Amino acid sequence: MSKKLHIKTWGCQMNEYDSSKMADLLGEYQGYTLTEEAEEADILLLNTCSIREKAQEKVFHQLGRWKTLKDKNPDLIIGVGGCVASQEGKAIKDRAQCVDIIFGPQTLHRLPDMIDQVRRGEKAVIDVSFPEIEKFDRLPEPRAEGPTAFVSIMEGCSKYCSFCVVPYTRGEEVSRPSDDIILEIAQLAEQGVREVNLLGQNVNAYRGATHDGGICTFAELLRYVAAIDGIDRIRFTTSHPIEFTQDIIDVYEDTPELVSFLHLPVQSGSDRILTAMKRGHMAIEYKSIIRRLRKARPDIQISSDFIIGFPGETKEDFADTMKLIEDVAFDHSFSFIYSARPGTPAADLPDDVDMEEKKQRLAILQDRITQQAMRYSRHMMGTVQRILVEGPSVKNPMELRGRTENNRVVNFEGQPKHIGSFVDVEIVDVYTNSLRGKFIRGEDEMDLRRNLRPSDILAKHKQDDDLGVTQFKP
């Protein structure tokens with residue numbers, strides 16, 4: 001009888017990526033298969049997020065539900081990972097005795113050893129250290145699960161914004177070697193991946209080592225990835241404005257594989273609040289980045305993050321945020337009411353904005369951005385859009401679903417053979433959360449590169465150095 005693993009994931013795309021690697025790791029080394037039902041599992045893993053309010057309480061509520069399963073099956077192993085695990089450490093075990101393993105985002109690669117320790121009778125295994133690049137060195141071979149894939153290129157953040165727990169839960173910025181990233185993406189392309197999303201807490205701060213002792217910048221990495229045959233779209237998240245340098249903007253000018261959509265968090269439009277947040281830039285500097293981006297890529301659309309009701313935020317500060325939203329014409333946002341994160345500098349500030357006022361401001365902001373998004377969608381009516389077909393439509397499995405370059409879901413009537421490939425559709429209707437398309441042409445009528453073997457990719461761009469080591473040169 002096969003051993004079963006159940007993983008519950010909360011939080012960001014990096015957590016989703018980490019959870020997929022946990023599943024691959026335990027499948028490869030210990031033969032576990034995933035199950036959607038916690039009741040069927042031999043191991044339960046909770047991958048946590050500490051961004052939202054009451055994150056810790058949410059964890060303990062879930063552990064309380066899992067405790068009933070362990071009461072029935074004492075051999076059940078329960079593990080807690082992610083940012084709350086990194087933040088709380090042993091305190092989780094002190095409060096929830098049912099937990100066997102506590103691991104941080106940088107130690108998930110040690111899970112097989114931790115499980116073995118528990119099987120040998122150890123009461124609790126806790127490892128929330130920050131061993132830097134070791135995690136990436138010990139991850140299993142990449143495995144595609146569709147035409148899109150997330151690839152982690154760096155972890156952590158060294159910006160220490162006053163409201164943010166990331167530097168304390170994931171550590172400071174650590175970049176993967178560029179050759180490792182390129183090889184992983186080439187392997188994914190061989191498996192049919194057409195779009196990659198490069199992940200990092202501060203992805204544009206990437207500075208990865210090269211095999212010859214040099215440093216690969218984020219702009220250079222984007223061009224290397226764009227040169228991999230079969231990869232026709234590149235996205236990345238999340239970025240920081242102070243690292244959004246001109247060389248990255250230049251890539252938008254000459255690299256069509258990089259999509260015309262950017263998520264660039266600003267958090268506030270008030271210079272006073274930005275200073276209190278320790279963001280390291282002013283609103284005018286953010287607008288300067290957007291202005292230069294739109295010069296390089298006129299059709300680019302921008303989304304952002306906003307924190308509403310940060311300590312000391314006045315009506316004037318909020319008005320500055322709304323002015324920025326109007327000036328930039330954001331297409332989408334992730335916006336949240338401020339809640340203090342324990343251990344951050346902002347947690348010591350008086351939370352002096354009334355909750356009803358916060359809710360009202362949030363509603364105003366979200367309504368404005370929804371209006372702007374609908375305006376963009378209506379402008380797409382009658383246009384032909386190239387979409388990557390991801391699978392059946394969520395609401396109607398007899399139809400197909402794809403995503404435009406500017407990150408809009410399009411549902412259309414089409415043949416299953418198009419799943420995993422690009423098609424052109426005419427936009428014929430607009431809804432709040434999706435578009436309606438009419439099939440125009442398939443990929444066989446497009447001029448796209450489809451050389452799927454990494455060996456072919458390397459051979460096409462091969463260049464040996466003095467030691468005979470093959471370098472990848474786009």
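Glycine is no exception: its Cβ is also placed from the backbone N, Cα and C atoms.
Swiss-Prot annotations:
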DOMAIN    3-120  domain 'MTTase N-terminal'
BINDING   CYS12, CYS49, CYS83  [4Fe-4S] cluster 1 binding site
DOMAIN    143-375  domain 'Radical SAM core'
BINDING   CYS157, CYS161, CYS164  [4Fe-4S] cluster 2 binding site
DOMAIN    378-441  domain 'TRAM'
*What is the number of other Cβ atoms found within 10 Å of the Cβ of CYS157 ([4Fe-4S] cluster 2 binding site)?*
23
*CYS49, CYS83, CYS164: which of these binding-site residues has the sparsest Cβ neighbourhood within 10 Å?*
CYS49
*asked:* I want the residues beyond CYS157, CYS161, CYS164 whose C-beta is within 8 angstroms of the mean position of the [4Fe-4S] cluster 2 site's C-beta atoms, in chain order.
replied: LYS159, TYR160, PHE163, VAL165, VAL166, PRO167, GLN201, ASN202
*Whose Cβ, among the binding-site residues CYS12, CYS161, has more other Cβ atoms within 10 Å than any of the rest?*
CYS161
_I need the neighbours of the [4Fe-4S] cluster 1 site defined by CYS12, CYS49, CYS83. Which other residues of that chain put their C-beta within 8 angstroms of the C-beta centroid, in sequence order?_
TRP10, GLY11, MET14, ASN15, THR48, SER50, ILE51, GLY82, THR169
*Per DSSP, to which secondary structure element type does CYS83 ([4Fe-4S] cluster 1 binding site) belong, with helix, strand and coil as the options?*
helix
*Per DSSP, what is the residue tally for the domain 'MTTase N-terminal' (3-120) in helix, strand and coil?*
64 helix, 24 strand, 30 coil
*For the domain 'TRAM' (378-441), give the DSSP counts of helix residues, strand residues and coil residues.*
5 helix, 33 strand, 26 coil
_Reported mean pLDDT - the domain 'Radical SAM core' (143-375)_ = 96
*Per DSSP, CYS164 ([4Fe-4S] cluster 2 binding site) is which: helix, strand or coil?*
coil
*How long is the line from the C-alpha of CYS157 ([4Fe-4S] cluster 2 binding site) to the C-alpha of CYS49 ([4Fe-4S] cluster 1 binding site), rounded to the nearest angstrom?*
16
*DSSP-derived class (H/G/I helix, E/B strand, else coil) of CYS157 ([4Fe-4S] cluster 2 binding site)*: coil
